[in-house]
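Listed in Swiss-Prot:
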ACT_SITE  Glu476  active site, proton donor
CARBOHYD  Asn39  N-linked glycosylation site
CARBOHYD  Asn79  N-linked glycosylation site
CARBOHYD  Asn245  N-linked glycosylation site
CARBOHYD  Asn321  N-linked glycosylation site
CARBOHYD  Asn344  N-linked glycosylation site
CARBOHYD  Asn534  N-linked glycosylation site
CARBOHYD  Asn605  N-linked glycosylation site
CARBOHYD  Asn626  N-linked glycosylation site
CARBOHYD  Asn653  N-linked glycosylation site
CARBOHYD  Asn733  N-linked glycosylation site
CARBOHYD  Asn761  N-linked glycosylation site
CARBOHYD  Asn785  N-linked glycosylation site
SIGNAL    1-21  signal peptide
Amino acid sequence: MHFHGIATQAVLASNITTGSGRHVSLSDVKWTLSSSALNSTVPASLPSQAHLDLLNAGVIDDPYYGLNEIDLQWIAQANWTYTSDPIPDLLEEYESTWLVFEGLDTFATVTFCGHNIASTNNQFRQYAFDVSSALKECTGGPVVRIDFASAPNTVDAIAADPKTPVWPVQLTAQLPNRWLMRKQQSDFGWDWGPAFAPCGPWKPAYVVQLEKTAPIHVLNTDLDIYRQGNINHLPPDQKQPWVVNASIDFIGRLPAEPRLLIEIKELETGDVLASQISDSVTLIGTSITGVTTLKDASPKLWWPSSLGAQNLYNVTITVFNKTEEVARITKRTGFRTIFLNQRNITATQLSQGIAPGANWHFEVNGKEFYAKGSNFIPPDTFWPRVTKQKMTRLLDAVVAGNQNMLRIWSSGAYLPDFIYDLADERGILLWSEFQFSDSMYPVDEDFLDNVAQEVVYNVRRVNHHPSLALWAGGNEIESLMLPLTREADPDNYPKYLAEYEKLYISLILPLVYENTRSISYSPSSTTEGYLSVNLSAPVPMTERYENDEPGAYYGDTDYYNYDTTVSFDYSIYPVGRFANEFGFHSMPSLQTWQQVADPEDLYFNSTTVVIHNRHYTSEGYGRIENSSRGMAEMTLGVERYYPIPDNPDSVANFSAWCLATQLFQADFYKSQIQFYRRGSGMPERQLGSLYWQLEDIWQGPTWAGIEYDGRWKVLHYVARDVYQPIIVSPFWNYTTGDLEIYVTADLWESAAGTVNLKWLNLSGEQIIDNAGTPTEIPFTVGAINTTKVYSTNIHDLNLPDTRASILTLSLSSQANLPNAAVKTSLTHENHFTPSFPKDLELVNPGLELSYDAHSGIFTVEAKSGVSLYTWLDYPAGLVGYFTENAFLLVPGQKKKVQFVVQDGPKDQDWEWQSEVTVRSLWDQKSSTFLYALRVATGRP
């Protein structure tokens, strides 16, 4: 985005490593943090960052609270030193001693035993330093000291160097010059998050001592599983046997004549699929590689969520020689092929009505599928406090939301293995990216060498995960930065284009191909695709760049439009092969605001609220003029389409406004998702919808569907609904009055069923003669396809009053889910009003809510009118979601809903169920909700 429970025998970690020697975790050693800006020393941790240690020491308050980001900017401007206590029991008689850092953020100087060991400048690399000689010269206990320089000050100094290149256009959020560092780019601010620019030893570190006999320690492993003969940009031959290529990166010395044993066991049963000594072993530098072909084995395939089972295997790689085992490592993996098809449309496809151009969709195990999902951003500014528990809740919500793919946006950070592990278990495909975003970047030799080390390490580290779906070069470089650069400096554009190709195509592409044959590569997140690939050429991929061919479609789309006058005009949505970004921002809930705002700041345009809104960004801290524009966009979206909250209680009114912005956001996304999914049966053959964005980095107005603490916004519930396997959708041209009803399915077989249509007035009474509309329509929809089941014009219907009418749509079908042997009953409900919600003559629905403690079921009933956007809300103090929410309810209908508790409550005696509330669109202007709000939020 740019600025404007598994089986008990499962291996839960990605790998288990054994080798010779000693391994001392530096997390078990005491640390201190100091700085001249602090004038004192505080206890510290590893892994950690300076902000977190200052918070734990009571030096600072919650960085996210109120205006603390402004007050705490001094931390980013200071240099910080982490110092360990003496490390016990390190012995000089070992063959060698190494300091290994899984991650240092970012500009660091490492000292050991008083000796300057190295300086680092890349947050995303693993570093291993031989400190053997320093240990032998140590006069006291071995101490590690890490000096971190201020990242903002460091890059500003680099920028001030006359030799540093300057580009005609660069996109800056709060802090400038982020493109000059290999550090999480959003640490300098983005339009959904703060600019804390943290520093520290953000990942684990340890000391390794290696013995004189067979001294080796495994640093990284590349496990590549693919079909024989596979090439990254070509479709795998599913008839070919599986190839397992295992490569180990190590420190130390291998003994003579090393060999590799590869053993594969099914995770659930422990059955051995294969156990083979590699036919050949290659030793290059400090990497040993072996390969084996499974000619007689047929592993169970791994499938994404809703497409089949997530079958997993443990692969154990053992390095040995004639006399002993040297090292053993176990990786959990799965057998699948994943391929990004960017090939030209074939004659067969043309004969099927698919428009000319090129494909842009994913295929898993040889089957094309519809990708449904969202974009993942860093879940916290401070990665060391991102826990497995939090990510488990988040990825469970992804699956519950009917999503099968997440795009891991750059530039945050490369995900830790445990998040890939969770995705492997749940069948969530992870489109992954290298950490470049919305900027041009240097291409000097030092920068490229630094990037090369980063790329190789991370590609190899995560390659064994079956959830890995793609490597993309960066975010919006081709689709945004190249056009902006050409517009700003057309005379020098060829130079900048060559720089783009040098980094993303000539450098990164070959590195990806050299380290994996199972994953496709795209130089940019949004692209028109390629014309040709020649791996022996200096620029091995020839990009298509901008396509001007009428009637042809190339590449994926990225769409943002903040002109709310056209938000629901689907004729202006982009028509393409795949939608990888689209969205609009909204406010989080009142409960979330209460985490970071004082009670007197709980109103729409308070300083705290506006400061926490980063759309649009302003360079520097505390500037709100651009932020106010983003607040105004949300306001206009509500005022144009929804009842305007007007509650005399200021906090109740604030809560209603927060919800109103979420209603607009959810409806806008719903409109687009339905449009893109319908495209699967249109000439564009559109096969992907990934909205912006899944979750929040902090508490503030953003594009997220899930708030910082895990609370679902309206968006996530609505997206879950329209991401169901088969849906019925209305498409209304509000200018002409034309109304079309479509059924869309992403199943792999055709499905048949019926759609029931019923016109009601807002009191819930059926309109005479169903307003001239049939009550039941049969349908058949093809595999991953759409079909129009009905069309009319609103002006031709017998509606007494378009402001008091609603069309309910109910679909039922019996169909085969992918890889399922028996048919499943599938249903979907939708509705349509021939007037926007603000113009409707709403009737008090008379909502009643009850709870059965025995069954754990909430029952909602509308007694006197149609309830639009029926919204169940739960109190602060726990995290979870309702099995249904934001639904339509008509009189006589009882909706039974359960609440899935993901975390809490801490007080086991708290009967939180009594504090669950329900409201609807009717309540947005009403004061009747005030009492329930007070109960839910603990207000007097």
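Just so you know, glycine gets a Cβ as well, placed from its N, Cα and C.
Quantities reported herein were computed from a predicted structural model and do not represent experimental measurements.
With respect to their backbone Cα atoms, Asn733 (N-linked glycosylation site) and Asn761 (N-linked glycosylation site) stand 21 Å from each other. Asn245 (N-linked glycosylation site) sits 30 Å from Asn344 (N-linked glycosylation site), counting Cα to Cα. Closest to Asn79 (N-linked glycosylation site) in space, going by CA atoms and restricting to the glycosylation sites Asn321, Asn534, Asn605, Asn653, Asn785, is Asn605.
For the pair Asn321 (N-linked glycosylation site) and Asn785 (N-linked glycosylation site), the Cα-Cα distance reads 56 Å.
It is 43 Å from the Cα atom of Asn39 (N-linked glycosylation site) to that of the residue listed as 'active site, proton donor'.
For the glycosylation sites Asn39, Asn605, Asn785, the ranking by surrounding Cβ atoms (within 10 Å, all protein chains) places Asn785 first. A helical conformation is recorded for Asn653 (N-linked glycosylation site) in the three-state DSSP classification.
Set side by side, the glycosylation sites Asn344, Asn534, Asn626 differ in how many other CB atoms lie within 10 angstroms of their CB, and the most is found at Asn626. Working note on the glycosylation sites Asn245, Asn321: by count of other C-beta atoms within 10 Å of each C-beta, Asn245 ranks first.
On a Cα basis, Asn626 (N-linked glycosylation site) lies 43 Å away from Asn344 (N-linked glycosylation site). In terms of C-alpha distance, the listed glycosylation sites Asn605, Asn626, Asn653, Asn785 place Asn785 closest to Asn534 (N-linked glycosylation site). Summary: among the glycosylation sites (Asn79, Asn653, Asn733, Asn761), the fewest other C-beta atoms within 10 A of the C-beta are counted at Asn733. With a 10 A radius on its CB, Glu476 (active site, proton donor) counts 25 other CB atoms from all the protein chains.
The Cα of Glu476 (active site, proton donor) lies closest to that of Asn626, out of the glycosylation sites Asn605, Asn626, Asn653, Asn761, Asn785. Cα-Cα distance from Asn605 (N-linked glycosylation site) to Asn761 (N-linked glycosylation site): 37 Å (rounded to the nearest whole number). The closest partner of Asn653 (N-linked glycosylation site) among the glycosylation sites, by CA position, is Asn626; the full candidate set was Asn626, Asn761, Asn785.
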